[in-house]
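Here's the structure we're looking at; comments come further down.
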Amino acid sequence: MYITGGIAAYKAAYFVRALVKDGAKVRVAMTKSATKFITPMTFKTLSRHRVYTDEALVTDDEIVPHIELADWSDTAVIIPATANVIAKMSHGLADDFVTSALLASDCPKFVVPAMNEKMLKNKATTRNIKSLRMDGIKVLDPDVGFLAEGYQGKGRLPSTSTILKWIKQENKNQISTVKDLTGKKILITAGKTLETIDPVRYITNRSTGKMGYALAQTAVERGAEVTLISGPTNLPEISNVNFISIITTAEMFEEVNKFFEQMDIVIMAAAVSDYRIEKPATQKIKKKSATLEIKLVKNVDILKSLGQKKNKQILVGFAAETQNLLENASRKMQEKNVDLLVANDVSRADIGFGSDQNEVTFLRPDHKPVLIGKSDKKRIAAKVFDCIIGF
Ligand SMILES: Cc1cc2nc3c(=O)[nH]c(=O)nc-3n(C[C@H](O)[C@H](O)[C@H](O)COP(=O)(O)O)c2cc1C
């Protein structure tokens, strides 16, 4: 547990007590600022272990204590998390014991912010929390209520039981890190494609690439050799993938074909443009007439072409539908000759394009459809690979 310098630091003592009562082994590290709010002695007594403070960085000469703590922990909880430590974590700073240990930890991290409402709603804090979440760090939303400043607002530390319940639930949702895809070569497409109208304009779609990137990340974590062919996205890079950037559907087709033969699993999660502009203008189209006609011609159907030529590959397709989900998706599965079709209803605002969550149905030839309830795209990705492994 990492305690930082907020007024709610004293409540962390109740949390440590609850964890210990729950049977957990707890070690506590505190920032210098946190020790001004509550003493290390309290946590030493509750956790029955020494408390790590900045002194440990310089006084311990036999071990490197921040690395030892990082390696020892299987879960890191930052409670309360100050705006300051959230900012440091989001930028990878490590200028004291707590932030050094956090940077060295590769276990799941749970951040429980507590601060004044204006600090919480500040654009920088909002940006930093978003960036932590994008890095896969869990951040609990603070409660609304009476703040230490004497007025109502958002920023209160949630109750011990709420925090405990949240961590347990999130841990249950944790993705398997079994290396069951070791030795597998996997090709994944992600994001959208862009089709040029003129030098400044294009047509595209609402795909953000989140699903494809979650698949690539999961495949890497489970030991696969991953090639990710992606259209433009705002997503952070994924380490240890062979990353290929494309713009148009034709480019995607060309790149996919370069790799297809050597692959074991091919997952087409990109939302490619079915049509392209027949003759893109070489100069910017001027605003002259009241109407403008642009002729579109069909792009090659990448998934169908792969379905026709697949031999050893397991081919997975995605279907984004706005109506008659199962009917349209079943037809697509047959027409494209895929081994697994992941169908989702993109007419729902709470799931699908842009959302961090999805609710999908798995369709397989000669199998009943399987609904995967609304969950994190990372969890859906894990389910896709669980399904493939079980083929
Ligand atoms: C009385 C007092 C209460 C504070 N409460 C909070 C708080 O609840 N949340 C917060 O983010 N910062 C709070 N701060 C500001 C932090 O203590 C300050 O940003 C400090 O540098 C945090 O250091 P740390 O992140 O290394 O623990 C408070 C400061 C004071 C003086």
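Start at 1 and count along the chain as shown; that gives each residue its number.
Note: Cβ is positioned from N, Cα and C throughout, glycine not excepted.
Each residue in the region 'Phosphopantothenoylcysteine decarboxylase' (1-185) has a pLDDT score, and their mean in this model is 91. The region 'Phosphopantothenoylcysteine decarboxylase' annotation in TrEMBL covers 1-185.
The domain 'Flavoprotein' annotation in TrEMBL covers 2-166.
The feature domain 'DNA/pantothenate metabolism flavoprotein C-terminal' is assigned by TrEMBL to 181-389.
Residues annotated as region 'Phosphopantothenate--cysteine ligase' in TrEMBL: 186-391.
According to TrEMBL, the feature CTP binding site maps to Asp274, Lys284, Phe318, Lys332, Lys336. For Phe318 (CTP binding site), the count of additional Cβ atoms within 10 Å of its Cβ stands at 25 [all protein chains shown]. Look at Phe318 (CTP binding site): DSSP puts it in a strand.
Spread of the CTP binding residues is 37 Å (greatest Cα-Cα distance among Asp274, Lys284, Phe318, Lys332, Lys336). Within its own chain, Lys332 (CTP binding site) has Gly317, Ala319, Val338, Leu341 as residues 6 or more apart in sequence whose C-beta sits under 8 angstroms from its own. Ranking the binding-site residues Lys284, Lys336 by the number of CB atoms within 10 A of their own CB puts Lys336 at the top.
Note on Asp274 (CTP binding site): other Cβ atoms within 10 Å of its Cβ, all shown chains, come to 14.
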